[in-house]
Amino acid sequence: MPRYKTVEQVLSLMKDVTRVRNIGIIAHVDHGKTTTSDTLLAASGIISQKVAGEALALDYLSVEQQRGITVKAANISLYHEIDGKGYVINLIDTPGHVDFSGRVTRSLRVLDGSIVVIDAVEGIMTQTETVLRQSLEERVRPILFINKVDRLIKELKLSSQEIQKRLIDLIIEVNNLIETYGEPEFKDQWKIKPELGNVVFGSAKDKWGFSVPMAGKRGVKFSDVVNAYTSGDKAKIEELASKVPIHEALLDAVIKFVPNPRDSQKYRIPKIWKGDLDSEIAKAMINADPNGPIVMMINDMKVDPHAGLVATGRVFSGTLRAGEEVWLVNAKRQQRILQVSLYMGAIRELAEEIPVGNIAAALGMDAARSGETGVDIRFKDSVLGSFEKLHYISEPVVTISVEPRNPKDLTKMIDALRKLSIEDSNLVVKINEETGEYLLSGMGFLHLEVSLQLLKENYGLDVVTTPPIVVYRESIRNKSQVFEGKSPNKHNKLYISVEPLNNQTIDLIANGTIKEDMDNKEMAKILRDQAEWDYDEAKKIVAIDENINVFIDATSGVQHLREIMDTLLQGFRLAMKEGPLAFEPVRGVKVVLHDAVVHEDPAHRGPAQLYPAVRNAIFAGILTSKPTLLEPLQKLDIRIPMEYLGNVTAVITRKRGKVINVVQTGNVARVYAEIPVGESFELASELRASSAGRAFWGTEFSRWAPVPDSILVDLIMKIRERKGKPKQLPKVEDFIS
């Protein structure tokens, strides 16, 4: 099918929302996700049939092609016919490596269905479980593709009966996850049932695949598959691919089981839109109204060397056209759309308009970042905080400092880092004001390594880096007394105490149930019912910062307090960015303002006076409340032959890790463990060495946990020394005179 014709067809079909499907392909790293996408692409006539699988057309960054893993979510629109009717399938390829799971979260928001790819030999790995859980939370309907079935024959030498048993076991495992994480109203209808055709078995590399109904129609049995591979005749595998082509099996399943945007928005909008569901804007989204006010949710920002910043996202209401004025809800900025287009692989094709339910690319929204929402400018006052924030499963926990090898490249490097952090909102770029270092924080070592390679390839920058540093958090374990914080001019006094937040509160804030901009009574009710708070105290929460600390105003009748409250809250946020122990962010602390004396003259109560007063009282409180450091822990999920179990558990224990569970199936042990990120630098090579290269494993961020007391002081000193701070522990007297 010639390519130019496809663009026209795709654009005309996009106008009929019942003919549109938005899907993603999600899987663990290396389970064959991008190869699957390529095979689908080839069938749409967008890359040639011959090179699919080798082309890795969606892995369009050369970093991805060298490493053979997908780093960016790429978008593409495919064309597929079923029973003579044409459909547009918007396909978003998402990364499977844990360091990039922030991108998966952003992609899921714009999907209605997902193809979950599982390697028939490795089965369900950590990442598969995480991403399936995320997709069920976002009400994205899964269909299953069990890939690499050829490995069961070539490597494990299974018979056709044994293969079928293995596949049934995998389906049961997936259904158990849907039972665990699915919402009650969806889980039964979303479960995988082979006889319906919502699971496909095949090999993306060899381009064959079938569902049970398709195999019945075409007269293909598992024994035919076994014969094709055991005969050693390549032609038999090719014959299989022409009889049951994988793209047909998968795309037929997508059209049949993934809902169109009009159907899916009816149940997805109530989940992701937290505003009034009877408002005009919510109704337009629920009904996928092409004539409604424009609402576009942005899941990706890319820097195009020629066009500038390109925002990619899904149109949830209205029709996107150039010249529209939109309001960016998070950035609180008005922007004008200059151009709209659709994706064909890495190439954007211009379009006059992109209607509701589709994935669009737009120029002109330079202030947007992924997770942003653009709405019709007329509705700017009615959408504040109405979209549920995206929840990332991990947070940046590893930092390196970067400097250009050639000092002349400094401004070029600053510009490149800025662009990288726009494209990847899980990459944090900071400047250490005192040392002038440029710090880059990411989700893990691979995440940073790939970012450095992008600096080199896209911007021609050669940089020097420090070894990776783990990011810590400061916290407390007791309640403090009330401390008086004085302003430098002694005219303002604040009376503040601190105490630790309980785990329920931290979880409620981390998962977005409790948000700063919620109604106070609603927040207090949730905290009382789910986190053991006193209702009246919870009503007095006035701020929640990004590291999960809360500020409570427990004062009554203090003169001039309202006029300075904004300044106090800024002071609180600043103090919590760098705690007193090691200048690391503070996490999980409740700060209570009991009383205050405020000077009547505004000239005597500006930020220069109030910031130190807030900070000093909070820091004195922290230092007297059994302060500690929290370190990030990683979950490990390792599969190894039984004979290596002892060696592998020894590696985990040596790295201050602990084994949580070991499950044995046949000769394979599956080890679940937790290990501090700080100890995981050489983990890959040690696991390989201890298992003769036969360990499969996955990692993901688990939680923050207190550093053992035995190494606490030593660690604080090391961090202070690295940051050029005095090598002694701070004392209360340093903050309270």
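The backbone N, Cα and C atoms fix where each Cβ goes, and this holds for glycine too.
Now, the feature entries from Swiss-Prot:
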| type | residues | note |
| --- | --- | --- |
| DOMAIN | 18-262 | domain 'tr-type G' |
| BINDING | 27-34, 93-97, 147-150 | GTP binding site |
| MOD_RES | His604 | diphthamide |
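There are 28 other CB atoms within 10 A of the CB of Ala27 (GTP binding site), with all protein chains counted. In this structure, the CA atom of Ala27 (GTP binding site) is 59 Å away from the CA atom of His604 (diphthamide). With respect to their backbone Cα atoms, His604 (diphthamide) and Val149 (GTP binding site) stand 74 Å from each other. In sequence order, Ala120, Ile163, Leu167, Phe201, Gly202, Ser203, Val225 constitute the residues six or more apart from Val149 (GTP binding site) in its chain with CB-CB distances below 8 Å. On the 0 to 100 pLDDT scale, the domain 'tr-type G' (18-262) averages 80 in the predicted structure. The number of other Cβ atoms within 10 Å of the Cβ belonging to the residue listed as 'diphthamide', over all protein chains shown, comes to 14.
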